[in-house]
Amino acid sequence: MTETLKNNIPAYILCGGRSLRMGQDKGLVTLQKGEFITHIISTLKPITDSIVLITENEEYSRFGLPVIQDVYPEKGPLGGIHAALQHTEESQILVFSCDIPLLKSYVIRELIRFKNSADIVFAKTEKRWHPLIGIYPKGLLSEVEENLNQNKLRLIDFIKEHKYKAVNFIDDAAFTNINTPEILARVEKNLV
């Protein structure tokens, strides 16, 4: 089934973080013929016309997309979600981390199908939650900001304080967080 209509939900890709385990900016790591970020952008383009990158790294401007920075730097994913919620004019946003280059469009479309079932909608596999493959409402901006001001930064704890829907998926490569050189090598070997 091919959907021709795009959604009006803007997508924000969190490209911040220190990338300590990878040793370089994760979004700019190459996998096959493109950087992680280009794989994610290619997956998102058929779904939404609005893709925004959240990063302080000026190198991301070469992708031709809007780039914004965290209002609360060094506060992890919750800080990135805050920047996205503050930036958007829409009632909901899609949020993704930059280290999931194997993400598939069916995952995003399935999340969108459940977008009105809870405040926060995100992917879940048998082994773990994937809150950085999710949908967040603009209405939570003040609560996110309050948590940041109180230095309550655990995203899972924040989610558990709200009505959420964890959409179940079969555990497959689409959810692989590639955040170490070892995981990258394993993924590259499996893609050959």
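Heads up, the Cβ atoms here are built off N, Cα and C, so glycines get one too.
TrEMBL: automatically predicted annotations, no manual curation.
Site annotation (TrEMBL, ligand GTP) includes L14, C15, G16, D70, D99; from K6, K26, the additional listed residue is K26. DSSP assigns L14 (GTP binding site) to a strand segment in the three-state reduction. Annotation note: K26 (GTP binding site) sits in a helical segment as assigned by DSSP. Most Cβ neighbours within 10 Å among the binding-site residues L14, C15: this distinction goes to C15.
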